[in-house]
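Here's what TrEMBL has on this protein:
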SIGNAL    1-31  signal peptide
DOMAIN    32-326  domain 'Plant heme peroxidase family profile'
DISULFID  CYS42-CYS122  disulfide bond
SITE      ARG69  site 'Transition state stabilizer'
ACT_SITE  HIS73  active site, proton acceptor
BINDING   ASP74, VAL77, GLY79, ASP81, SER83, GLU95  Ca(2+) 1 binding site
DISULFID  CYS75-CYS80  disulfide bond
DISULFID  CYS128-CYS322  disulfide bond
BINDING   HIS201  heme b binding site
BINDING   THR202, ASP246, THR249, ASP254  Ca(2+) 2 binding site
DISULFID  CYS208-CYS233  disulfide bond
Amino acid sequence: MGITTSHTPKNVVIFVLALQLVFLLMGSSSAQLSTSFYSKTCPKLLPIVRSGVQSAIAKETRMGASLLRLHFHDCFVNGCDGSILLDDTATFRGEQTAPPNNRSVRGFDVIKAIKSSVEKACPGVVSCADILTLTARDSVNILGGPTWEVKLGRRDSKTASFSAASSGVIPPPSSTLANLINRFSAKGLSTKDMVALSGAHTIGLARCTSFRNRIYNESNIDASFAKLRQRSCPRRGGDDNLAPLDVATPKLFDNYYYKNLLNQKGLLHSDQVLHNGGSTDSLVEQYSKNDKIFDADFVTAMIKMGDIQPLIGSKGEIRKVCSKPN
């Protein structure tokens, strides 16, 4: 009896300390993104971003696809942290000149303009990473696709990684089906997520250099489609000549991308591998027949992609200007 009473206070103290540690760890890991993150601190955020995207797309329809791609290329390199927006300096080489991005990613001026408007409304509150995520959603919706509630609360990285962006984490247009599945799986995205997110190629344009080999050297391609593309993409030269990723409805976010694949009219090698006798054929066929299922799966995959390694809580910073750390 005496032994118990003499040890009880110590045991209680240890138990309480252990309990506090558990709650502390739970608290740090449960800090998370929320659809209402800026509802009090920046209530005008959503209309400001949407207006900026609408204005950019009105000037150039392709910009919607470019903003969507910018978000994708940001998230696949060290998470959705706005790192792709950082410009190179004399002492720092970021992600913009890495092979998947060099002379290819665009939309930086649009993000800069939107950030400037947001800063006027609520200075120092909203991250560039969150603005990038919102512009991707608004681009899809403005071009005829679905909308969804975007989880917010990401913070901006203070650095970027040329080597990480160059390492192959972003699958190239020459990717095999296995490579696509593996690259998306490494980011926590399923094969279904990968096929749905590939549907982003229902909008936008690609450079000749990314599809030249397909239109001249591959056999699983519609002959008239190959000839059409060869007109503006010669065997030599014209690397920057552009062609729509979706030959049918290039300015509309719809399910024609998948219908094109059924007819062997995928522009990139990495498009056509999704319907080429492999494990993803049935998904492509389902999306080609039912745009509602495609929309729903696309939204699910976009939300999951936006969850890749965000900087939250006290990590990172809220950049004043998206192209450079504070």
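The backbone N, Cα and C atoms fix where each Cβ goes, glycine too.
Note that the coordinates shown come from a computational prediction; the quantities given were computed from them, not determined experimentally.
Distribution of TrEMBL features across the structure.
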| residue | record | Cβ contacts under 8 Å, 6 or more apart |
| --- | --- | --- |
| ARG69 | site 'Transition state stabilizer' | VAL105, GLY107, ALA200, GLY204 |
| ASP74 | Ca(2+) 1 binding site | CYS80, ASP81, GLY82, SER83, ILE84, LEU85, ALA129, LEU132 |
| CYS75 | disulfide bond | LYS187, MET305, GLY306, ILE308 |
| THR202 | Ca(2+) 2 binding site | LEU245, ASP246, THR249, LEU252, PHE253, ASP254, ASN255, TYR256, TYR257 |
| CYS233 | disulfide bond | CYS208, PHE211, ARG212, ILE215, ASN241, ALA243 |
| CYS322 | disulfide bond | GLY82, LEU85, PHE108, ILE111, LYS112, LYS115, CYS128, ILE131, ASP156 |
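Counted over every protein chain shown, other Cβ atoms within 10 Å are most numerous around HIS201 among the recorded positions HIS73, HIS201. Cα distances from CYS42 (disulfide bond) to the recorded positions HIS73, VAL77, GLY79, GLU95, HIS201 are smallest for GLY79. Note: the Cα of GLU95 (Ca(2+) 1 binding site) and the Cα of HIS73 (active site, proton acceptor) are spaced 9 Å from each other.
The least crowded of the disulfide-bonded residues CYS122, CYS208, judged by other CB atoms within 10 A of its own CB, is CYS122. Take the recorded positions CYS42, VAL77: by the count of other Cβ atoms within 10 Å of each Cβ, the lowest one is CYS42. You'll find the Cα of CYS122 (disulfide bond) roughly 27 Å from the Cα of HIS73 (active site, proton acceptor). The Cβ of GLY79 (Ca(2+) 1 binding site) lies under 8 Å from the Cβ of ILE308, GLN309, PRO310, LEU311, each of which sits 6+ residues away along the same chain. You'll find the Cα of the residue listed as 'heme b binding site' roughly 14 Å from the Cα of HIS73 (active site, proton acceptor). Using the Cβ center of THR202, ASP246, THR249, ASP254 for Ca(2+) 2, the list of other same-chain residues with Cβ within 8 Å runs, in sequence order, ILE203, ALA248, PRO250, LEU252, PHE253, ASN255, TYR256, TYR257. For ASP254 (Ca(2+) 2 binding site), the count of additional Cβ atoms within 10 Å of its Cβ stands at 19 [all protein chains shown]. Neighbour density for CYS128 (disulfide bond): within 10 A of its CB lie 30 other CB atoms from the protein chains shown.
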